[in-house]
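Taken from Swiss-Prot, the feature DNA-binding region covers 131-229, and the record attributes it to sequence analysis. Annotated domain 'Response regulatory' per Swiss-Prot: 4-118, in sequence order. The 4-aspartylphosphate annotation in Swiss-Prot covers D48, and the record cites sequence analysis as its basis.
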Amino acid sequence: MSVRILVVDDDRAVRESLRRSLSFNGYTVELAHDGVEALEMIASDRPDALVLDVMMPRLDGLEVCRQLRSTGDDLPILVLTARDSVSERVAGLDAGADDYLPKPFALEELLARMRALLRRTKLEDDEAADSVAMTFSDLSLDPVTREVTRGARRISLTRTEFALLEMLIANPRRVLTRSRILEEVWGFDFPTSGNALEVYVGYLRRKTEAEGEPRLIHTVRGVGYVLRETPP
């Protein structure tokens, strides 16, 4: 059975372009023109993934993310943001989106990101049952319940943030190269240009240091990142 993707965008040309491209690549595609219609369709027949524009009438993409996440729905979500709007990307990740893609975008990149997102989702399902909670310092991550805590404080992470932190905590005090992280978290076909990794590391730091806790995720300049108690 093919993967079902719901594309939500108020621009008909964008919807049709994505429908053609995704269908050609073997996906079953459904379309919605705004957030209200999208939530109704998800409630009646849940898709496997969601491609979601941010700026839409009636109900925007950020509110769709928030409403889905508030009910505990972990539907994989790729949001489409304005090209130069850093604040929009920030808001999308904070609302619970798993990944973002700035407009205008190459269809090849959207397909690559969707493949990577679906791979991460499948790996979660396949591996969670065999996993045990992992800890480093006062940071704890449970792959089964998907709970993350720093001390007594619970931390809410998106799917991509969780996958990145899981990789770091599974390799404590070991420097992970940028290319290795991109390959394992995003997939081999993820475009290595751009600053997606840096964006996600920034968000992990913000969330894990929200109450003034010492930094655990450190940059190794020119190489990658490492999880350790003190800077390298």
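Glycine is no exception: its Cβ is also placed from the backbone N, Cα and C atoms.
Remember, predicted model here, so these are calculated numbers, not experimental data.
Applying DSSP to the DNA-binding region (131-229) sorts its residues as follows: 33 helix, 24 strand, 42 coil. The domain 'Response regulatory' (4-118): residue composition by secondary structure is 55 helix, 24 strand, 36 coil, according to DSSP. Mean pLDDT, taken over the domain 'Response regulatory' (4-118), works out to 89 on the 0 to 100 scale. Within the same chain, residues at least six positions away from D48 (4-aspartylphosphate) with a Cβ under 8 Å of its Cβ are V3, R4, I5, P76, L118.
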